[in-house]
């Protein structure tokens, strides 16, 4: 199925005008959505539990309330808290304060699609999911453009849910550069698969395996780090800018020939079958239940995984090498660090 890119000209209804908007959470995405919407003239308040984020929201000039009070005051509520706490937050503080005709928004379909959150039939449920971290959503907005976004409607109680989703996307700047309509199911399952099989899980496992092959063969860990991890950004940037074609035009003929010859030897049909198994676990809800159950148990699996990852040789070698490269990491990520 193909989808058509939409832009500001396609947002024909100012569905958020006259609405009081509550952004729940003031982290990476929360601060960006709230500030961008305020800058486009909308009435935005923040709902967040007492702590650093509460103080930061007030410092940034927002009316800031506990979550329940913000939900009570709002017509449109966007939940931008971490996935694992959303269900409790919704059930305890938001659901009791919902009214018929309200709209409830998300930037990721996880809790709605897997039914950890169940919304009354008289409330709109929509999604606006910018395809970038919050600091980028904010920075690009300030520069006059934005980050592309997905939008979706799960429940249209008022007949206005799609207009709300699109106007939200316009308000955060995404309609300046492009919107794609999707569903909660599609966004959730594709997003999780991308993270697990390719972007995060697949990529880190590939780099770790390459590092181990080289060091186990007697090559210096420092050189192995450069070859399988440090240079990854250079290649990914080329692909990001112009696809596989630009990357292959930019590398040596030797590298390009090796790409064609050896890539399929590494990513075999069996690897593809393994990816299908990952997708099946996502589609069935197994991954979602494992993740939520681990959180409810105090995160024993997550903490064990983190501890194991911290002790990998590739991490230790990389930490030492980066000390000699002050230019690495010297960028505009301050906002990301502040809000997380």
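One-based numbering along the chain as shown.
From the backbone N, Cα and C atoms, a Cβ is placed for every residue, glycine too.
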Quick check: of 134, 144, 146, which does Swiss-Prot put in the same NADP(+) site as 26, 27, 28, 29, 49, 53, 83, 84, 85, 86?
134
Please spell out the DSSP helix, strand and coil residue counts for the domain 'KARI C-terminal knotted' (183-328).
124 helix, 0 strand, 22 coil
Taking only the Cα atoms, work out how far residue 252 (substrate binding site) lies from residue 134 (NADP(+) binding site), in Å, as a whole number.
36
Using a 10 Å radius around each Cβ and counting other Cβ atoms from all shown chains, which of the recorded positions 49, 108 yields the largest count?
108
Which ones are near residue 108 (active site): of the binding-site residues 26, 28, 83, 191, which have a Cα within 10 Å?
83, 191
